[in-house]
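Asks: This structure is in structure tokens; I'll ask about it shortly.
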Ligand SMILES: NC(=O)C1=CN([C@@H]2O[C@H](COP(=O)(O)OP(=O)(O)OC[C@H]3O[C@@H](n4cnc5c(N)ncnc54)[C@H](OP(=O)(O)O)[C@@H]3O)[C@@H](O)[C@H]2O)C=CC1
Ligand SMILES: O=C1O[C@H](COP(=O)(O)O)[C@@H](O)[C@H](O)[C@H]1O
């Protein structure tokens, strides 16, 4: 609970929030719960309204029922009591509208003005597009034509991923949006940037004297970023089969996490300074020069039938709305080089996949071995020091160091110094969408992607996609429930490295490192 004194500092300025796609999956699982949490924590006061927009008819009561169910199922807070719930739900209206029907926007405008009057909102309007990406351009044009941008306050467009399918389509979309919204009014969501531990990377790096001096190619051997999922494509087969892992996770979340690890310290902690540094990293990524280089450095694969626990898992090609002959990748891993002074020669290995054994997001920074190993030849093995940043589902960091095994003469064993943030009583980290909606309402664009970041990321990814397109059938396979194809292991083995076990467990789920104490 937030005390009254801090409330004004936390609260967002009064605004009307429009959720386009209010009957959809994202609204139900993420957006409504996020708005409720913000309200519960006093970050949204009473001067706000939400209008849910979608085509299907919904009475106000039905919409409130949807809202209630979504919060009870997906929010980290359960509904408090009836009086509190009624006060919250009162802020929500529904408008049935086909985004292509311009008359509907005039009605929406009238409805908005009534609410602005009721809540004393000075014309601030935040448009959240939880819609299929092909609708993004038309909505923004129609918002303007329909007079929705004529109010006195600020107007912001929050736009979901994917932002385009490749550089060309992203440029086209950006061009369409830029006729209506200025760059500083566009908030492109990458929900990984809203995650607590992704934001913490910055503090861990720039707030600790013992990391920053070592954060370079003199001391770091390699960096490994893993985003593994146990789920398959669920109900999103239609979208996913067109996108694949490279576009779904690589172009956005993975490259964004890489930039947070690799960027230079910004001169000030202002959104544009931070984003300038991130885009410099993206520009330093060494492009793969040919299809042969792609093949050497990037592994793609698709899951076949497999099992997890005692459960049989279907092959990707058997999933709903997936082409039975599909060659779409559900897994990829890559060796990425950042060609700048700090990182020259340090490989960044990234991997993501569906139907892997565990759900986790983790960054492992592997340090170089000691220049002189005084323990060599004495039957001692020194393991490299690791810094592991756990993003999800566990949040925390651990550092692996070598120490003398207590009670032995001189035996050395690795031990973990672990901080598990998510294990701390009383810490209930906000969901990524809470932070991002709050930031957008505050006008803080730090953790949203700027156009040049998106474009630069696409030009890197496009080379991989184009190389794959030349040889669609040349995809590897892995059984659902496994850690991906052998080639992904070979990718590191060629350089003398291996993937470090995630969650502190090896591939057979054997505890790899003992918790001390
Ligand atoms: N779901 C997720 O986990 C994630 C989703 N995203 C992105 O979020 C966006 C939404 O995804 P998701 O919620 O899954 O999609 P859904 O298909 O579940 O929902 C789409 C929404 O759009 C509405 N809609 C469709 N056509 C129109 C139209 N012509 N006029 C008005 N409303 C329309 C639908 O309502 P109706 O049929 O009633 O019109 C529905 O509310 C996509 O860009 C997706 O890529 C990003 C990350 C994760
Ligand atoms: O953006 C996406 O992310 C999810 C994974 O997000 P997480 O927060 O649960 O790690 C992924 O399942 C989905 O395919 C992708 O579109």
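Backbone N, Cα and C atoms are what each Cβ position is placed from, and that goes for glycine too.
In TrEMBL, annotation is done automatically, which means it is predicted and not curated.
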Asks: Besides 191, 195, 229, 354, 359, which of 166, 248 does TrEMBL list for that substrate site?
Replies: 248
Asks: Relative to the Cα of residue 191 (substrate binding site), which of the recorded positions 21, 25, 55, 99, 253 have a Cα no more than 10 Å away?
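Replies: Cα within 10 Å of residue 191 (substrate binding site): 253.
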Asks: Take the Cβ of residue 229 (substrate binding site) and count every other Cβ within 10 Å, whichever protein chain it belongs to.
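Replies: Here the count is 19.
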Asks: Near ligand 2, which of the binding-site residues 27, 248, 354 are found, taking a Cβ distance under 6 A to any of its atoms?
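Replies: Near ligand 2, sequence order: 248.
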Asks: Quick one, of the binding-site residues 354, 359, which Cβ has the fewest other Cβ within 10 Å?
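Replies: It is 359 that, of the binding-site residues 354, 359, has the fewest other Cβ atoms within 10 Å.
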Asks: Could you give the Cα-Cα distance between residue 359 (substrate binding site) and residue 253 (active site, proton acceptor), in whole Å?
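Replies: It is 15 Å, counting Cα to Cα.
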Asks: Rounded to a whole angstrom, what is the C-alpha distance between residue 27 (NADP(+) binding site) and residue 248 (substrate binding site)?
Replies: 19
Asks: Among the recorded positions listed here (23, 99, 253), which has the Cα closest to the Cα of residue 195 (substrate binding site)?
Replies: 253
